[in-house]
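Q: I'd like to ask some things about the structure below.
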Amino acid sequence: MNVTYRTLAGATALAALATPGLAQDSYSPSEITAFVAAGAGGGTDNFARTVQPMLEERLDTNVTIINLPAASGAVAHQRTATSEPNGESIEFASSTLITSLAAGQNPIGLDLLTPVARMQSDVLMLVVNPEKYESFDAFKAAAEETPGELIIGGTHAASIDRMAFLGLNAEAGFDLNFIPYDNEGAASANLLSGNIDGMFNEISAIQGYMESGEMIPVLALADDRLEAYPDIPTTAENGWDLTFGNERGIFINAETPPETIGAIEAVFEDIYGSEAYQDYAARTFLDVRPGWLGSEEYRAELEKNLAYFQELMAAN
Amino acid sequence: MLSDLMGGFGVVLQPINLLILASAVLIGFVGGALPGISGVILVVILLPVTYSMEPTGAFMLLTAIYASSVFSGLITAILYRAPGTPEAVMTAIDGYPMTQKGEAGKALGVGILSSAIGGVLGTVVLIVATPLLADIALQFSSPEFFALAVLGLTVVASLGGNLIMGVIGVCIGLIIASVGLDPLTGTQRFTFGNLELMSGINLIPVIIGLFAISEVLKRSQEGDVHLASKKFSIRIFDWPVIRQIRGAILRSSILGTAIGILPGIGASTAAMVAYSETVRWSKDRSRFGKGAPEGVAAPEAANNAAAMGALVPLFALGIPGSGTTAVILGAFIVHGLTPGPTFMTGNTDLIYAVFVGLLIVNLLILLFSKPFIALLSKLLDVPYSVLGPIIVICCVVGTYSVQNSLMDVWLMLGFGLAGFLLEKIGFPLVAIILGVVLGPIAESELRRSLAMSRGDWFVFFDRPISAILLAIAALLLVFTVVLPMLRRKRETPAEVHEQ
């Protein structure tokens with residue numbers, strides 16, 4: 001599968017050759033095993049498989065992807081945390097790492113895993129059916145007039161969208177209900193048919209519905225209005241400190257030497273800046289908010305969000 | 001629409017696209033025939049390959065692989081009772097006894113024909129009615145899914161055999177299905193602190209263990225007999241047989257398409273419901289489970305039809321109808337397409353090329369299956385002392401590959417032993433599968449319905465579709481369980497009186 005991708009990656013390869021080798025001197029793994037803490041075909045898996053050939057080009061080695069979706073990715077975290085700390089095992093994971101930690105479903109914390117880099121920071125949106133609510137004001141009015149009646153659909157009980165739901169209830173003083181569905185599709189179907197009042201989702205997933213006007217985002221969990229969607233009000237302008245979204249990044253065994261981690265971080269920073277990666281990010285609407293965070297800042301971000309999620313979970 | 005369709009033919013009949021379709025069918029055949037390697041896995045493996053292809057070819061490839069893998073699961077289900085895909089588990093129930101009776105060729109012929117008809121009918125519905133049906137599918141929410149699962153579970157009463165054992169079997173299945181995180185609250189159930197049990201017990205180790213491994217264990221005790229060593233020839237167009245199964249094919253194709261369209265309910269459930277309805281409406285239920293051709297025709301027509309039906313909500317609404325279509329949805333996004341309600345109008349060329357591709361694939365299945373099976377059936381000449389271990393190895397590798405979990409392999413072997421012992425006392429294994437597949441749907445949808453109605457049980461009767469489905473389930477229970485019981489009670493005193 002890598003061979004065929006090479007044709008497309010040719011341009012990337014040239015670009016990579018043009019930039020001086022960043023880390024190859026100190027860090028040259030003989031092979032890399034990349035655990036993916038999610039099932040095949042989802043956002044995190046697509047991320048890993050898009051980056052895979054870019055990583056292979058830069059490090060001149062083979063990258064093997066292993067999907068470990070069991071237990072919301074906890075099995076992948078475990079495998080990564082117990083791998084040889086030589087920089088040859090890395091993990092692709094999403095914010096589910098910390099939401100499942102907060103929910104007590106994941107024994108592998110940030111003491112055992114070191115964040116290497118954040119590549120994606122998706123913006124969560126409150127999405128509603130315009131036949132029910134034409135704007136966030138209408139939704140807010142209904143939530144305040146009929147407390148306990150409105151239903152937010154989501155994925156599972158320890159998901160990032162559940163955290164957004166808990167956060168909105170806490171910050172805005174709403175009394176919304178939450179129904180977790182088996183997958184995002186089931187929640188979308190219920191939103192389209194008017195069985196539920198809203199759901200939290202990402203731009204990439206609702207693009208088609210926005211175009212047809214069957215679903216509209218009415219609130220963005222963000223600090224500032226998004227450049228591409230200036231009409232969507234934000235949580236910050238309502239005075240709510242609620243700006244987290246689904247983040248995807250790279251993790252590694254915490255015992256790995258800091259210089260190796262630094263070298264891997266540099267490789268990913270180079271990938272992040274490449275045209276090929278930015279093309280993919282634009283195609284999948286992952287560029288509404290800049291994704292890059294280095295190891296230190298990513299850890300700080302994760303720890304901040306984790307503390308907040310634990311607080312939300314404890315209160316409910 | 002007709003001109004779009006002609007345009008689709010124009011695209012598909014280009015040599016490169018025909019080559020893509022033919023290779024997709026072969027890949028799907030091989031993958032589907034290997035236990036544990038299902039359509040989902042094949043589509044995922046080939047996903048990166050499609051990144052460098054143009055979208056039309058890419059989606060013809062992915063959907064064609066999906067269609068042909070659903071088909072080829074029947075081969076090993078019929079020949080070795082090792083369902084190649086979860087969709088084919090019901091096919092083994094009558095297909096394998098046919099092989100044991102020396103009718104492997106007939107069973108395969110029935111399976112191939114039913115699959116092709118189901119697939120073609122499903123595709124025609126997909127072409128003609130996608131936007132219309134998608135709106136109907138949206139009428140199904142939690143109460144309707146719960147009612148559908150209940151209807152499915154009542155089937156155990158008409159499966160024949162010992163009713164009490166059947167009920168116990170369903171309960172075992174329900175317990176297996178309850179392992180893992182609670183679908184609504186996330187509380188751990190029966191996980192014993194084990195990380196891997198947290199996501200529950202996967203369907204594939206249960207199916208492969210209960211059916212394939214238990215059969216290998218049983219055969220190993222019987223010594224090295226050559227059951228199917230007789231040369232068999234597959235007859236696809238066998239008119240007397242077709243007359244016998246045409247009702248089952250037609251009914252199951254319609255049922256399969258309808259169930260496939262519902263988001264979240266896949267081809268395995270469709271095969272299960274179609275099989276049980278065929279049993280329920282048959283004049284002589286005792287033939288089922290012992291090698292009835294209708295028992296092969298029904299699930300095969302239904303699962304192939306459902307596989308096509310599952311594409312309806314994907315194309316029309318951007319909502320995947322099954323696991324594999326969820327992966328295909330991901331592929332759309334990577335290719336820069338935006339699935340959703342406007343997808344069909346915005347990408348007419350691509351959609352119709354995929355439609356036509358699927359029609360052709362279902363016909364290619366008819367064409368390619370005979371030589372492919374002939375190749376596979378050479379394995380039947382291999383003594384079982386060699387073949388048995390090969391089957392076990394395939395099962396282990398296949399199960400491991402589902403989510404790279406050794407735990408799944410141990411579970412699979414455990415279920416194999418359990419299945420072997422349970423069959424010795426005449427336990428209906430299919431009842432367990434029924435519980436495992438339908439149990440989680442029934443449980444979570446019941447609770448979601450009540451959450452939706454804030455605890456009001458009338459939610460099931462307020463909504464017409466769920467009310468009708470539940471009423472049918474209740475009526476069927478009365479006819480299959482209560483009435484025969486009353487009749488027996490009335491007969492017993494009469495006999496006493498005569499004496």
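Even glycines carry a Cβ here, placed using N, Cα and C.
On a predicted model such as this, the values are computed, not experimentally measured, just so you know.
Got these off TrEMBL a minute ago, pasting:
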DOMAIN    B:18-434  domain 'DUF112'
TRANSMEM  B:20-47  transmembrane segment
TRANSMEM  B:59-80  transmembrane segment
TRANSMEM  B:107-133  transmembrane segment
TRANSMEM  B:145-177  transmembrane segment
TRANSMEM  B:197-217  transmembrane segment
TRANSMEM  B:253-275  transmembrane segment
TRANSMEM  B:314-338  transmembrane segment
TRANSMEM  B:350-376  transmembrane segment
TRANSMEM  B:382-402  transmembrane segment
TRANSMEM  B:409-442  transmembrane segment
TRANSMEM  B:465-486  transmembrane segment
Q: Could you tell me whether the transmembrane segment (B:253-275) and the transmembrane segment (B:20-47) are in contact, taking contact to mean 3+ Cβ pairs under 8 Å with a sequence separation of 6 or more?
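A: Contact absent: fewer than 3 Cβ pairs fall under 8 Å.
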Q: For the transmembrane segment (B:382-402), which recorded stretch in the set B:107-133, B:145-177, B:314-338, B:350-376, B:409-442 gives the largest number of Cβ pairs separated by under 8 Å?
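A: Between the stretches B:107-133, B:145-177, B:314-338, B:350-376, B:409-442, B:409-442 has the largest tally.
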Q: Do at least three CB pairs under 8 A connect the transmembrane segment (B:107-133) and the transmembrane segment (B:465-486), leaving out pairs fewer than 6 apart in sequence?
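A: No; fewer than 3 Cβ pairs under 8 Å.
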Q: Quickly jot the same-chain residues contacting the transmembrane segment (B:314-338) by Cβ under 8 Å, restricted to those at least six beyond its ends, or write none.
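A: Answer is 38-40, 43-44, 47, 50-51, 55, 58-59, 62-63, 66, 126, 130-131, 133-134, 137-138, 260-267, 306-307, 344, 347, 350-351.
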